[in-house]
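Here is the structure we will look at, set down as structure tokens.
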Amino acid sequence: MKIPVFLLLLALANAKVFQRCEWARVLKARGMDGYRGISLADWVCLSKWESQYNTNAINHNTDGSTDYGIFQINSRWWCNDDRIPTRNACNIKCSALQTDDVTVAINCAKRVVSDPQGIRAWVAWNRHCQNRDLSAYIAGCGL
């Protein structure tokens with residue numbers, strides 16, 4: 001019983017909740033501003049509505065799949081959580097999306113938007129970011 005609690009605490013210790021401008025700076029430094037024509041503000045908006053900038057975010061879907069990490073990347077298509085059949089197009093374990101090192105999450109997000117659906121693959125972007133003024137998401141960040 002003590003081991004699962006330890007593992008939970010270990011997972012939480014490796015998670016990070018970014019501040020808006022901090023996250024925008026990380027995304028910009030990792031080449032996300034303009035990647036595949038997607039603005040930095042779009043990425044920040046998407047992350048806000050998907051995870052509240054939380055690398056440890058998790059959401060269980062009605063189809064049995066799970067969304068992981070700051071971008072809420074889905075286990076049916078993009079990562080393997082050993083729970084359901086997966087395409088695993090990013091060729092990663094889903095747990096790699098839930099650490100404070102966002103390299104894997106960013107690389108997988110780049111893979112997601114390389115598909116024809118692009119950023120429209122994210123429901124939160126469609127609902128909260130598409131065709132909106134997103135300037136507030138990077139305002140005051142000095143970018």
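Cβ coordinates are placed from backbone N, Cα and C, and glycine is handled just like the others.
The signal peptide annotation in Swiss-Prot covers 1-15.
Taken from Swiss-Prot, the feature domain 'C-type lysozyme' applies to 16-143.
Packing around CYS21 (disulfide bond) is summarised by its Cβ count: 16 other Cβ atoms lie within 10 angstroms of its Cβ, all protein chains included. Here Swiss-Prot flags CYS21-CYS141 (among others) as disulfide bond, drawing on sequence analysis.
CYS129 (disulfide bond) is surrounded by 21 other CB atoms, counting those within 10 A of its CB over all protein chains shown. Annotated disulfide bond per Swiss-Prot: CYS45-CYS129 (among others), in sequence order, evidence recorded as sequence analysis.
Here Swiss-Prot flags GLU50 (among others) as active site, drawing on sequence analysis. A simple way to gauge crowding: the CB of GLU50 (active site) has 22 other CB atoms within 10 angstroms, across all the protein chains here.
Under 8 Å, Cβ to Cβ, and six or more positions away along its own chain, ASP67 (active site) finds GLU50, ALA57, ILE58, ASN59, ASN61, ILE73, ASN74, SER75. The active site feature in Swiss-Prot is assigned to ASP67 (among others); the stated evidence is sequence analysis.
Counting Cβ atoms from all protein chains shown, CYS94 (disulfide bond) has 25 others lying within 10 Å of its own Cβ. The disulfide bond annotation in Swiss-Prot covers CYS79-CYS94 (among others).
Positions annotated as disulfide bond by Swiss-Prot, on the basis of sequence analysis: CYS90-CYS108 (among others). DSSP gives CYS90 (disulfide bond) a coil state; it is part of no helix or strand. Within the same chain, residues at least 6 positions away in sequence whose Cβ sits under 8 Å from that of CYS90 (disulfide bond) are ILE73, TRP78, CYS79, VAL104, ASN107, CYS108, ARG111, VAL112.
In this structure, the C-alpha atom of CYS141 (disulfide bond) lies 14 angstrom from that of CYS45 (disulfide bond). Neighbour counts of Cβ atoms within 10 Å were taken for the disulfide-bonded residues CYS79, CYS108, CYS141; the minimum is at CYS141.
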